[in-house]
Amino acid sequence: MAAVTVSLSSSPGSKAAAALSPSPCSHHQYFLSYPRRSSKAAGRAVRVQVSTTETAAAPAKKEKVSKKQEEGIVTNKYKPKEPYVGRCLFNTRITGDNAPGETWHMVFSTEGEVPYREGQSIGVIADGVDKDGKPHKLRLYSIASSAIGDFGDSKTVSLCVKRLVYTNDQGEIVKGVCSNFLCQSCDLKPGSEVKMTGPVGKEMLMPKDPNATIIMLATGTGIAPFRSFLWKMFFEEHQDYKYTGLAWLFLGVPTSDTLLYKEELERMKEISPDNFRLDFAVSREQTNAAGEKMYIQTRMAEYKEELWELLKKDDTYVYMCGLKGMEKGIDEIMVDLAAKDGIDWFDYKKQLKKAEQWNVEVY
């Protein structure tokens, strides 16, 4: 099949230009060239608690104002009974041949009719019917593209999908309906129709503050919402948004062949070294100084004091997406650190959640 070259067009939200040059149904690498954007983050305010013995009238209760980019957010525009029907524009495997499983990156047309934000999700309804003859239920996927999409024209949406195949207790091979509809053997070729619902979700929306510290914790395809964040931060130029803070990504995977979007991420680090930190945790190939497997919490433990200091500041936001078990491992790191400062970690985490600074989407 002939190679496909796509140039990201200039738009009010983006001046980025890139070339994607794979066969639409093959494992590929991204080759990106974007304008250098480098700026140093300003100082951070430290979270403090102030007490007073003076008696004062209670202030009027104010309506809580979200710290996230919620203005104009759209949710549930399309529902299962009336989905949006887009078309597949691009579908390619992004894991290596030796990866334990297949993960695919795919781009669908929306013609601007599915207005989503970074951090939201969309539903996909696989073709066909279930064992009872009813349409398949939708499957939610975190959106892997920024709001203007991979092509920069606000007319596409991208997903990062792992093909689910496993053997059950009876020795039968089970295939996930929706993931195999999207991924298997390139059945979903460019031009194929796809039924989509949504967009949905506000939990993972980006902070309003362009100078915020954003700590992103991902396992596997949990990288999807963070790819959307990072494209907006480092590959795009916007009149009303320029990121000047610190973005720190921890990505945990089993093998090097499952490091998703590795070339993109390393390119971001090259063009914005003062604003982007990147740490991989490859559990089957890396160990720490004690010889323990390098899971995401193991990698984070190497920076635990620095992370704790960041978490004590009012402009630090944590986002977590991926396997459910990783939050427990991170709790184990933070309990002792917080205790040294006389703080109960779990109570403190509740405060962070209330302030929209601890955001979790796990499965």
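Heads up, the Cβ atoms here are built off N, Cα and C, so glycines get one too.
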Can you dig out which of the ranges 1-25, 226-250, 326-350 TrEMBL describes as region 'Disordered'? 1-25
Across the domain 'FAD-binding FR-type' (81-206), what does the mean pLDDT come to, as a whole number? 90
When you measure from the Cβ of Ser142 (NADP(+) binding site), how many other Cβ atoms are you left with inside 10 Å? 26
So how far apart do the NADP(+) binders Ser142, Lys162, Thr221, Val253, Pro254, Ser283, Arg284, Lys293, Gly322, Leu323, Glu361 get, largest Cα to Cα in Å? 28
Counting other CB atoms within 10 Å of each candidate's CB, the least crowded of the binding-site residues Pro254, Gly322 is Pro254
